[in-house]
Amino acid sequence: MGAMEDQLQRLGSVLDSLDARVKKLEQHPTLGGGSSTAQEIRMILIGPPGAGKGTQAPKIKEKFSCCHLATGDMLRSQVAKKTPLGREAKKIMDQGGLVSDDIVIGMIKEELDTNVECKGGFILDGFPRTVPQAQSLDAMLQARNQKLQHAVELQIDDALLVARITGRLVHPASGRSYHTTFNPPKKAMTDDVTGEPLIQRSDDNADALKKRLATYHSQTAPVVDYYRKTGIWKPIDASQEPGTVWKSLLNIFDGDAKKASSAGGGILDKLAASGR
């Protein structure tokens with residue numbers, strides 16, 4: 001009888017131990033590997049200036065509790081903090097040169113390693129702009145046992161972009177963007193969230209925009225083709241209302257890319273009504 005009780009006690013201890021391990025794994029699903037949770041997002045947002053990246057990225061960030069990595073903001077932040085990469089980048093920029101791909105990849109990696117927000121994933125905005133950059137990004141992520149899930153392209157006609165950008169308003173601190181016609185703030189020239197003043201960028205004029213668009217199209221076509229071949233490229237009609245574009249993004253995240261790419265023309269009606 002005593003031997004039977006001992007066996008039952010040992011069996012109970014084993015079951016308790018297994019139960020504890022199961023609970024621990026449920027609490028930490030990524031233990032023992034680099035795989036992500038179901039809610040983690042890893043994506044790049046492709047689109048010309050004025051396509052709506054600054055409108056949609058904060059919504060994605062809020063939904064997934066992830067970080068929004070805009071290369072320009074990253075560079076300015078690293079330079080301001082005088083990090084080793086920031087000092088190296090500043091030296092190059094002061095000499096009128098272009099910051100190397102290795103430095104930008106290094107900055108992205110540092111953000112992924114140290115930015116708490118990046119634990120929920122990331123949105124890359126403004127990078128990669130070339131196929132070699134895309135390949136370097138893939139290699140860096142592969143070394144972390146990660147890979148991109150989505151390369152979303154916000155597609156829009158150049159003529160509509162001119163109308164959009166010449167009325168664009170920006171909140172400098174957050175990057176939130178508005179438009180006098182398409183997406184006006186609740187109070188004129190005032191950020192909805194902070195109440196701080198909005199600005200209009202000096203390069204948001206038709207002539208400057210045409211040059212930026214020419215550069216964008218020549219650079220981006222090969223990158224889009226690269227991600228199309230990998231199977232993660234998804235197009236969205238960015239001429240639609242911001243709310244409709246957001247629904248298209250949600251469809252992509254839910255796996256319905258066909259529905260996400262459907263056309264809509266609500267924004268064109270606003271354009272005509274505004275007399276632009």
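Indices start at 1 and increase along the chain as displayed.
Cβ atoms are placed via backbone N, Cα and C, with glycine included.
Binding of ATP is attributed by Swiss-Prot to G50, A51, G52, K53, G54, T55, S177, Y178, Q240, and within the candidate set R168, R228 the record adds R168 to that site. Least packed by the Cβ count within 10 Å, out of the binding-site residues R129, R168, is R129. Of all the binding-site residues in the record (T71, V99, R201), the one with the smallest CA separation from G50 (ATP binding site) is R201.
Sorting each residue of the region 'LID' (167-204) by its DSSP state yields 0 helix, 11 strand, 27 coil. Geometry remark: Y178 (ATP binding site) versus R201 (AMP binding site), CA distance 12 Å. Checking each of the binding-site residues G52, G54, R168 against V99 (AMP binding site) by C-alpha distance, the shortest gap belongs to G54. Each residue contributes its Cα atom, and for G54 (ATP binding site) and G97 (AMP binding site) those atoms are 27 Å apart.
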